[in-house]
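Colleague: Here it is, the structure, as structure tokens.
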Amino acid sequence: MTPNIARVALPVPLDKLFDYLIKPGQSPVIGGRVKVPFGPKQLIGIVISLTDKSDFPQAQLKAVNTVLDSEPLWHPPLFGLLSWASSYYQYPLGDTLANAMPTLLRKGREAAPSSLKMWQITEAGRDQPLAALSRAPRQAQVLNTLRHGKSSHESLLAEEVSSAILKTLSDKGWIEALEEIPDQKNWQRDFTVTEEKPKLNDEQALAVATVNANPEFGCYLLEGVTGSGKTEVYLNLLEPMLAAGKQALILVPEIGLTPQTINRFRRRFNVPLETVHSGLNDTERLSSWLAGRDNQAGIIIGTRSALFTPFRNLGIIIVDEEHDASYKQQDSLRYHARDLAVMRANRENIPVILGSATPALESLHNAKTGKYHHLTLTRRAGNAQQARHGVLDVKGLYQEAGLSAPLIARMRKHLEAGNQVMLFLNRRGYSPAVICHECGWLAECKRCDAYYTFHQQSGELRCHHCATQRPMMPQCGNCGSTQLNAVGVGTEQLEQQLATLFPEYKTVRIDRDSTRRKGSLESYLEAIKNNEYQILIGTQMLAKGHHFPDVTLVSLIDVDSALFSNDFRAAERLAQLFIQVAGRAGRASKPGEVILQTHHPEHALLQALLHKGYDQFTVSALDERRQAFLPPYTYLTLFRAEANESELVEQFLQQVRGIFESSPLYCQETPVMGPNPAPLSRRAGRYRWQLLLQTPDRKTLQQMLTIAKPAIQLLPLARKVRWSIDVEPQDLT
Ligand code: ADP
Ligand code: ZN
Ligand code: ZN
């Protein structure tokens, strides 16, 4: 057969492929891009198969417009993984593939390196004595670098040279810019270890030997507190891989991609390293993608989406802080990057390491049942002391902005000793509600089933669920009274209260509001390190990945909201936060202290966590999950639906429920729960409902969904409501 039809996956929300005629002279390839007519538009899609048969008469088929690739964009294991992800996460194949491509490829850019702006030294620059530039060290640095050869604009910026310096030098005629395609790097040939490495302790050596003993697929859970030497283990695992010319992929959480992390890897090996994160522009994104594919990068470090980088010769995947919630994408293709990383390693037949001080309950369960190898590091390098910790029973105690008197006293003690204090509160704004003191009226968002958060700094009421914001009203919307009071405490209020309580110390607040400006988080973190602030207030954001050696007191000031949350993962997240901050508080010469404020010091999970540690906590927490038929003992799928009319949404999900109940796979073990109103039952004017499906294993789950989805799509209401499927949701809101 000579295939004359290309079956193409297009970036449209439809679960089907589209057939196009291949014109003479065109030679599309499976996994490569083609541009095709689609209605009045031209779309770029991926060829999934080549055939000579179509369900449609050939006379009705349109022809491929342009063939964009002569080679597939992905090698078979990754292409296979993407197809699998499309069916597992119930997301159309065309959209899934588009999701996994850099924007420029989606727009039709050639999948080959384009020219880069490079700098080279001129004769005049070569003659310039560096000693004469002692007062312009950056200029000297650039000249010195370029005397050893050309360098790209990007890599000079990465060495903290500003564009202004480059302009100054070029104005002086010492350096000149040119556009060129960078030389192919042969990093494998030049590979060396470029710094002295510490001798591994027994546990580290065992971890490294265990992974190295099996060059094929294996999933290893590396559990060890902060500072126990996990990164050192990663470095030791990378070394033989890189030496053999194989590439490494390292995934980190959203806020974990700090210059310190990147520099650890840069210092150790002289291999080209690329990063992938949300701060990259489209050109940079394509460039990292190509560097992976063309073996021009030995190491790629990136957040979630870096998982989709193709590699010519991938040798190992590392998922650092594997418990982190940012690995789950919350819209479009709702994948979990950790889970897909394990799948990818399996398909590529290479080892994958999941590292964490506080592994997710799912991963621990997999380790306990033997699916993952469990490696542990129990010692903290540099023999830092474990922080002291305790619960502070605040029942009946007077609190000022959420702070009890005993906590305030402890804070004073630590501050007077010249140390820093860190307070966690996961609620931004001044107060989560505003109430009328005379009639009890509450200021409510008109578009959501939620109260307004009061932001005092901007004098606004803001809804944290939709974009609505309005000036704070002078009077009650019901009785006209001017006595409007703030209810509850947010980070802004805490900050203000601390300024009153401790006027002699400087306070900084780290949350999404205070760090909106690009680069502001980094400069705050730097200032904290330099001890410009003594009291640090933050949401979850402050806990991730930062190490402040002068912080000796940490307090979680509202533990109860996590203990009594309707999110079944809240307790696990609280425990992870606690262990993280406890692991970072203090250092050898300055022992740290962690205080948890609660009304329920006797709470079983809290007791397990405090007195027996994270491991015992997870034993109790897993036991609770098992009894409640929750993950990891079952698999959940959440159907979310919303529309302007509540009845339509409920009706739609009733019908979806009907489809599942008539499924041949339906039984007592796979209950369908709902439809129920979502925890936030109305958002931005739309009513929200959900249906939860619980299945004992992944296979049943996927079979049920695959059978049900086409039937759901045929429901007339499916066009009237907005709905989505979240397979293994991370949160149920
Ligand atoms: P983690 O990634 O678990 O937080 P790191 O690998 O960053 O731990 O190790 C913490 C510190 O201890 C680092 O400064 C690291 O260089 C050092 N370190 C790690 N392993 C060793 C070792 N075997 N001998 C000496 N120092 C070590
Ligand atoms: Zn709202
Ligand atoms: Zn009132």
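Placed from the backbone N, Cα and C atoms, the Cβ positions cover glycine too.
Not my notes, these are from TrEMBL:
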- 211-377: domain 'Helicase ATP-binding' (DOMAIN)
- Cys436, Cys439, Cys476, Cys479: Zn(2+) 1 binding site (BINDING)
- Cys445, Cys448, Cys463, Cys466: Zn(2+) 2 binding site (BINDING)
- 471-630: domain 'Helicase C-terminal' (DOMAIN)
Colleague: Can you list which of the binding-site residues Cys439, Cys448, Cys463 have their Cβ under 6 Å from some atom of ligand 3?
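Modeller: Checking each Cβ against ligand 3, the ones under 6 Å are Cys439.
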Colleague: Can you give me the residues near the recorded Zn(2+) 1 site, meaning same chain, not Cys436, Cys439, Cys476, Cys479 themselves, Cβ no more than 8 Å from the center of the site's Cβ atoms?
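Modeller: Here the non-site neighbours turn out to be His437, Glu438, Gly440, Trp441, Gly477, Asn478, Gly480, Ser481, Gln483.
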Colleague: Determine which residues of this chain, when Cys445, Cys448, Cys463, Cys466 are set aside, have a Cβ within 8 Å of the centroid of the Zn(2+) 2 site's Cβ atoms, and list them as they appear in the sequence.
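Modeller: Same chain, not in Cys445, Cys448, Cys463, Cys466, Cβ within 8 Å: Lys446, Arg447, Ala450, Tyr452, His464, His465, Thr468, Arg683, Ala684.
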Colleague: Just to be sure I understand the packing, how many Cβ atoms besides its own are within 10 Å of the Cβ of Cys436 (Zn(2+) 1 binding site)?
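Modeller: Cβ-Cβ neighbours of Cys436 (Zn(2+) 1 binding site) within 10 Å number 20.
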Colleague: In angstrom units, rounded to an integer, how far apart are the Cα atoms of Cys436 (Zn(2+) 1 binding site) and Cys463 (Zn(2+) 2 binding site)?
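Modeller: Approximately 18 Å lies between the Cα of Cys436 (Zn(2+) 1 binding site) and that of Cys463 (Zn(2+) 2 binding site).
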Colleague: What does the structure give for the C-alpha distance between Cys479 (Zn(2+) 1 binding site) and Cys463 (Zn(2+) 2 binding site)? Integer Å is fine.
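Modeller: Rounded to the nearest whole number, the Cα-Cα distance is 22 Å.
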Colleague: Just to verify: the residue among Cys445, Cys448, Cys466, Cys479 with the fewest other Cβ atoms within 10 Å, which of the binding-site residues is it?
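Modeller: Minimum Cβ neighbour count within 10 Å, taken over the binding-site residues Cys445, Cys448, Cys466, Cys479, occurs at Cys479.
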Colleague: Given the binding-site residues Cys436, Cys439, Cys476, Cys479, return the subset with CB under 6 A from an atom of ligand 2, ordered by sequence, or none if empty.
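Modeller: Going through Cys436, Cys439, Cys476, Cys479 in sequence order, none turns out to be close to ligand 2.
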Colleague: Rounded to a whole angstrom, what is the C-alpha distance between Cys448 (Zn(2+) 2 binding site) and Cys439 (Zn(2+) 1 binding site)?
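Modeller: Between the Cα atoms of Cys448 (Zn(2+) 2 binding site) and Cys439 (Zn(2+) 1 binding site), the distance comes to 22 Å.
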Colleague: Cys476 (Zn(2+) 1 binding site) to Cys463 (Zn(2+) 2 binding site): how many Å between their Cα atoms?
Modeller: 18
Colleague: Any idea what the Cα distance is from Cys439 (Zn(2+) 1 binding site) over to Cys445 (Zn(2+) 2 binding site), rounded to a whole Å?
Modeller: 18
Colleague: Which state, by DSSP, holds Cys436 (Zn(2+) 1 binding site): helix, strand or coil?
Modeller: strand
Colleague: Mind checking which of Cys439, Cys463, Cys476 has the fewest other CB atoms within 10 A of its CB? They're the binding-site residues.
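Modeller: So among Cys439, Cys463, Cys476, the binding-site residues given, the one with the fewest Cβ atoms within 10 Å is Cys439.
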